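Some features that TrEMBL has for this protein:
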type	residues	note
ACT_SITE	C107	active site, nucleophile
DOMAIN	39-64	domain 'Acid ceramidase N-terminal'
DOMAIN	107-343	domain 'Choloylglycine hydrolase/NAAA C-terminal'
SIGNAL	1-18	signal peptide
Amino acid sequence: MWIPVVLSLSVVFWVGNCQFPPFNETCVSNAYPPNKTNAVPWYTINLDLPPKQRWTQVGQEKKAGGKIDDTLPQPYADEMRGLAEATGIPLGEIVLYNIFYELFTVCTSIVAEDPSGKLFHVRNLDFGLFLGWDVKTKTWEITDALRPTVVNLDFQKGGKTVFKSVNFAGYIGILTAVKPGMFTLTMNERFNMDGGYIGVLEWILGIRTGKWMGFLTRETMEKAESYQEAVAMLSQTEMLAPAYFIVGGNKSGEGCVITRSREKAIDVWRMDQANNWYILETNYDHWENPLFLDDRRTPAHKCMQKTTSKNVSIKGLFNVLSSKPVLNKLTTYSALMQVNSGHLESWLQYCPDPCQPF
């Protein structure tokens with residue numbers, strides 16, 4: 001756990017004039033609906049097409065070389081080749097972009113149940129920490145650069161939806177997705193000494209028994225046909241990086257946080273076993289206290305308790321995601337999902353000053 005401690009302490013010297021704990025923010029109640037200019041556009045990914053052709057429209061419109069490592073799993077290598085052709089970006093950069101999420105993201109994910117037993121799954125995707133802080137605008141440069149690349153994707157076969165996701169254009173893995181009528185999924189980074197950097201190094205050195213996180217989640221969304229099957233795949237498959245997988249089902253009580261080492265799940269924290277109407281994960285093991293400088297968990301719980309189960313809805317949960325410091329300078333988007341209807345909507349997020357850097 002020394003990596004986030006050192007980095008978080010270092011940021012204090014970089015981001016003067018920003019807020020730090022303890023926070024005295026209030027839970028907002030009027031954030032939804034957001035400004036329509038922050039709505040994320042939709043694209044269709046046709047899985048019946050050859051992999052190199054699936055991302056042509058996204059690549060050409062977003063504009064988000066070289067020889068790709070032939071050991072990368074198919075058809076993802078071909079999809080990345082197709083992206084490189086559509087965008088003109090060197091293939092090596094496309095590959096790096098797709099593995100970078102193994103290394104550092106910070107997020108907040110929540111699965112919550114309303115009084116009728118209907119499940120909602122929401123998340124903030126925070127990305128860009130330590131990647132170019134602008135002291136004048138008090139923003140992270142990579143975060144600002146990523147927001148225009150956010151897209152909603154409808155993955156289809158035979159003209160029918162297989163699953164829906166929120167992606168950064170050019171990223172072919174899955175971080176946020178819903179399989180209508182079956183389950184929802186988000187991934188949060190887990191900081192650990194045996195982390196993604198080691199997994200990537202092993203891959204380079206030829207030890208390739210683990211899966212890339214984004215490709216495992218993609219396979220889960222394509223192949224799993226139930227909440228239980230998704231939990232099993234995400235719990236048992238060896239990976240290159242530790243992670244938290246937050247999974248929601250389609251029945252009352254079906255929600256869990258899978259705490260992963262690279263080899264397997266070390267804990268599956270289930271909402272029904274916790275005897276609660278929601279389950280919430282940031283970037284720390286739920287049995288451990290979060291880092292003082294990065295405690296989004298406590299304010300998020302505060303706002304969930306204020307919301308109460310009777311107000312669990314797209315609106316109510318968006319308000320939680322829009323309350324500081326759950327909303328912070330790293331937040332690129334908020335996603336809101338409801339499994340039974342297959343509903344997915346996402347919104348670009350901006351945190352007005354005064355606002356925490358992370």
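Keep in mind that glycine also has a Cβ here, set from the backbone N, Cα and C atoms.
Fair warning: this is a prediction, and the values are worked out from it, not measured in the lab.
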Work out, from DSSP, the number of helix, strand and coil residues along the domain 'Acid ceramidase N-terminal' (39-64). 10 helix, 6 strand, 10 coil
Pop the mean pLDDT for the domain 'Acid ceramidase N-terminal' (39-64) in here, whole number is fine. 91
CB contacts for C107 (active site, nucleophile) [other CB atoms within 10 A, all chains]: 24
